Every structure is written in structure tokens, then in C-alpha cells.
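Novice: Below, the features straight out of TrEMBL:
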DOMAIN    1-33  domain 'EGF-like'
DISULFID  23-32  disulfide bond
DOMAIN    51-178  domain 'VWFA'
């Protein structure tokens, strides 16, 4: 324990030829390096009109279990921004080889539970990654009503070139190490979305 290998305020305890880290609540792992996803309380923080179109990668590299994690994350964000009244509208599409519409912006305008069900039952349909086509499809669908589109992105894993090419503003880009970590940024994503109220 001389070098104190424990992180996140963990306390090192010497043993016979080994050490142990005693982690504070909320952390675990050999050196207290893992913080499990934290549940968040929906805040309903968006107060003016906002259209949100989510574009999810369903390519083969994501895997079905990770795609389900993405859907749970999107559901948490939708609840956090306050979907359910006439203020925030939510649409969703997936992309792999071809883009595929999940649901339109006006399908679940005042139906929080219906929206949650629609999100959680989007099917995983793997294929090759075609990000450019998906973004073009989403922009064409959204620009029919407004000219300004804000692009916010959440990148997963170490390879971030693709998402960085889409999200030009570093302040609108969140990165997580893996799909399990997505719940940790749900509230932050909702806050970023609500900063752009009155736009898309």
C-alpha cells in the first residue's frame, strides 16, 4: 500500500503478499475503479418546444445486447427531457446498411408510456455501418419544418473518428467507455438537448 493504488478515495489495506482496496459507497473493483450506473430522476427540464430525432446505430458492431442498452438509454433521456406534453416531440430511427424509421415526431406527442414502449420495442436489425446515409435521412426528415438542426452525439468506445466527423461541436459530444456506461450520461444529454430549446 506504499504507493496507494486505490482510486476514488478507496482505502488500501495491506495483506500477505497482496493488498485490498476498501471502496467508498458507489464504487467497486480491485482498486475501486468501477462506478456502477447511477439511476437518475426524470426532471422534465425542457420548457419550450423542442423536436428531437434520435439516430441509433444498429450495425453488426453494436450487438443486440448493446442495442438494448442503447434503447434503455434513449428511454431515460426521453423521460428526463419531459416528453409527454406538447412541448417536446421525439422521433427515432436506426441505421445499419440502410436507415429505418422507428417512429415519427408526432406519433407519441402526449403519450409518455406509449413513447417508452415504442422506444423499448425497436428491433435490432444488424447490417453494415452507413452513418452518412442515416444522418442525411434524418436531416431531410427534420428540415421540412425548421432550418436549424443541432447535432448532439454520444460515442461509445475508443474509436471516435466517425462520431467526431458528424458532431463538429466538441461541446455537443459525449464519450463513454462502453455501453454499460450510457446511463451515467443520460441526464447530461437531456441537459444539452434542453439548452437548444426552440431548435431541433
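From the backbone N, Cα and C atoms, a Cβ is placed for every residue, glycine too.
Could you place these features in context, so I can see how deep they sit and what lies close by?
Specialist: Under the three-state DSSP scheme, residue 23 (disulfide bond) falls in the coil class.
Across the domain 'VWFA' (51-178), DSSP assigns 48 helix, 28 strand, 52 coil.
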Novice: With DSSP as the yardstick, break the domain 'EGF-like' (1-33) down into helix, strand and coil residue counts.
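Specialist: Result for the domain 'EGF-like' (1-33), in helix, strand, coil order: 0 helix, 11 strand, 22 coil.
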Novice: Run through the Cβ atoms and count how many others sit within 10 Å of the one on residue 23 (disulfide bond).
Specialist: 21
Novice: Give me the non-local Cβ neighbours of residue 32 (disulfide bond): same chain, 6+ apart in sequence, Cβ-Cβ under 8 Å, ordered along the sequence.
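Specialist: When sequence neighbours closer than 6 are ignored, residue 32 (disulfide bond) has 6, 7, 8, 9, 10, 21, 23, 24 within Cβ distance under 8 Å.
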